[in-house]
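Asker: Here it is: the structure, laid out below.
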Amino acid sequence: MTVFNFSAGPAVLPEPVLRKAQSELLNYRGSHQSVLELSHRSALFEAILDDATSLVRELLEVPLDYDVLFLQGGATLQFSMLPLNLATTHRVDFIDTGGWSQKAIADAAPYASTRIIASSRDDHYRSIPAGPFTSDADYLHVTWNNTLEGTTFQEAPRVNVPLVADFSSSILSEPIDVNAFDVIYAGAQKNLGAAGMTLVIIKKSLVEQTPSALGSYLRYDVHAKHHSLYNTPPTYSIYLTKLVLEWIKQEGGLQTITARNRAQAASLYDALDHSNLFSNQVAHTDRSLMNIPFSTGQQALDDAFIAYAERHGLVNLQGHRSVGGMRASLYNAMPTTGVEALLSVLRKFEQGER
Ligand code: PMP
């Protein structure tokens with residue numbers, strides 16, 4: 001049976017990437033060493049890191065005045081590193097769009113006074129607050145794609161302070177106007193590869209502001225100066241990201257990927273909007289392409305659907321506990337056949353099949 005994995009992360013990876021990783025596992029490019037065994041100071045690994053960096057720059061059109069860093073600690077460490085490095089007057093503003101914004105706010109609080117300048121809490125986080133936004137803090141933080149609630153910003157808020165965005169669940173799903181941001185960060189385990197690595201794209205002028213009274217690992221300037229090789233980086237995770245980036249390029253780049261993502265998400269939203277049983281409650285203009293929550297409105301029926309889908313090879317469709325119901329994550333590596341299989345299972349369940 002073909003299994004389609006709708007997990008929010010760690011998530012489905014492109015099959016060609018997994019096959020390539022398998023073929024290179026034992027003997028990387030004739031070195032008779034596994035990628036897992038390569039020294040991070042070896043020429044072979046440095047080439048992997050260079051390729052990953054230049055592919056990020058190429059695919060996302062990152063301007064030269066930004067550094068591209070590969071760090072550890074997940075997106076979660078960025079919740080602390082950002083205020084530690086950038087909150088020079090100890091004031092950080094947030095747009096609160098749900099569970100991951102809340103976590104970012106809670107982690108900034110020990111280092112800075114945090115202010116929520118807009119929130120969609122009253123709307124149960126089913127939409128993105130409308131601008132215009134004003135901020136005079138050290139930076140404004142937004143969660144671009146809300147993995148739990150299935151919402152996404154469509155446009156970068158225009159503010160006169162540095163704009164920092166958590167792109168964990170939508171990086172490389174669509175082109176980004178990098179110039180509109182000062183920091184973009186994303187954990188790897190959704191669209192970039194395997195857990196263990198966090199991509200940080202940061203404006204060089206901000207890197208230069210790092211206060212010196214910080215432990216070395218916490219300093220952006222240390223990582224930038226050493227090109228992500230200050231200490232042992234997550235070598236295998238960086239290698240997998242390099243393979244994922246090569247796959248995106250081979251697929252035709254972000255244009256092809258975006259068109260596929262849009263078509264897949266549109267077909268699922270359309271099915272949900274026309275269903276008499278299932279629905280998605282997110283404001284139409286703010287719907288995520290990557291994470292699509294839906295429900296029957298009855299927990300017992302939702303549970304029955306999740307079990308039914310699993311028997312048909314569609315796994316990890318349960319929604320996050322804070323939202324309930326189901327959630328289909330349609331990351332870049334989800335094949336269109338997976339979405340078609342989901343549509344068919346939705347239809348049959350609605351027709352009464354169990
Ligand atoms: N931000 C967002 C939007 C996320 O979806 C996640 C993980 N699901 C995180 C942050 C936390 O990432 P990590 O587990 O890599 O720390």
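Including glycine, each Cβ sits where the backbone N, Cα and C put it.
OK, TrEMBL features for this one:
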DOMAIN    3-342  domain 'Aminotransferase class V'
BINDING   Arg41  L-glutamate binding site
BINDING   Ala75, Thr76, Trp100, Thr147, Asp166, Gln189, Asn231, Thr232  pyridoxal 5'-phosphate binding site
MOD_RES   Lys190  N6-(pyridoxal phosphate)lysine
Asker: Cα-Cα separation of Asp166 (pyridoxal 5'-phosphate binding site) and the residue listed as 'L-glutamate binding site', in Å?
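Answerer: Taking the Cα atoms only, Asp166 (pyridoxal 5'-phosphate binding site) lies 30 Å from the residue listed as 'L-glutamate binding site'.
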Asker: Roughly how many Å lie between the Cα atoms of Trp100 (pyridoxal 5'-phosphate binding site) and Arg41 (L-glutamate binding site), rounded to a whole value?
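Answerer: Distance between the two Cα atoms comes out at 35 Å.
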Asker: Highest Cβ count within 10 Å among the binding-site residues Thr76, Thr147, Asn231, Thr232: which residue is it?
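Answerer: For the binding-site residues Thr76, Thr147, Asn231, Thr232, the Cβ with the most other Cβ atoms within 10 Å is Thr147.
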Asker: Does any of Arg41, Thr76, Thr147, Asp166, Asn231, Thr232 have a Cβ within less than 6 Å of an atom of ligand 1? These are the binding-site residues; tell me which, or none.
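Answerer: If the test is a Cβ under 6 Å from any atom of ligand 1, the answer is Thr76, Thr147, Asp166.
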Asker: On the Cα atoms of Ala75, Thr76, Trp100, Thr147, Asp166, Gln189, Asn231, Thr232, which are listed as binding pyridoxal 5'-phosphate, what is the maximum pairwise distance in Å?
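Answerer: Per the listed residues, the maximum Cα distance equals 30 Å.
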Asker: Determine, to the nearest whole angstrom, how far the Cα atom of Asn231 (pyridoxal 5'-phosphate binding site) is from the Cα atom of Arg41 (L-glutamate binding site).
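Answerer: That separation, Cα to Cα, works out to 10 Å.
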Asker: For each of Arg41, Lys190, count the other CB atoms within 10 A of its CB; which of these recorded positions has the top count?
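Answerer: Of the recorded positions Arg41, Lys190, the most buried by Cβ count within 10 Å is Lys190.
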Asker: Sequence gap of 6 or more, C-beta under 8 Å: which same-chain residues meet both conditions with respect to Ala75 (pyridoxal 5'-phosphate binding site)?
Answerer: Trp100, Asp166, Ser168, Tyr185, Ala186, Gly187, Thr198
Asker: Tell me, in order along the sequence, which binding-site residues from Thr76, Thr147, Gln189, Thr232 have their CA within 10 Å of Arg41 (L-glutamate binding site).
Answerer: Thr232
Asker: Do me a favour and check the Cα-Cα span between the residue listed as 'N6-(pyridoxal phosphate)lysine' and Thr232 (pyridoxal 5'-phosphate binding site); whole Å is fine.
Answerer: 23
Asker: If you count other CB atoms within 10 A of each CB, which of Asp166, Gln189 wins among these binding-site residues?
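Answerer: The residue with the densest Cβ neighbourhood is Asp166.
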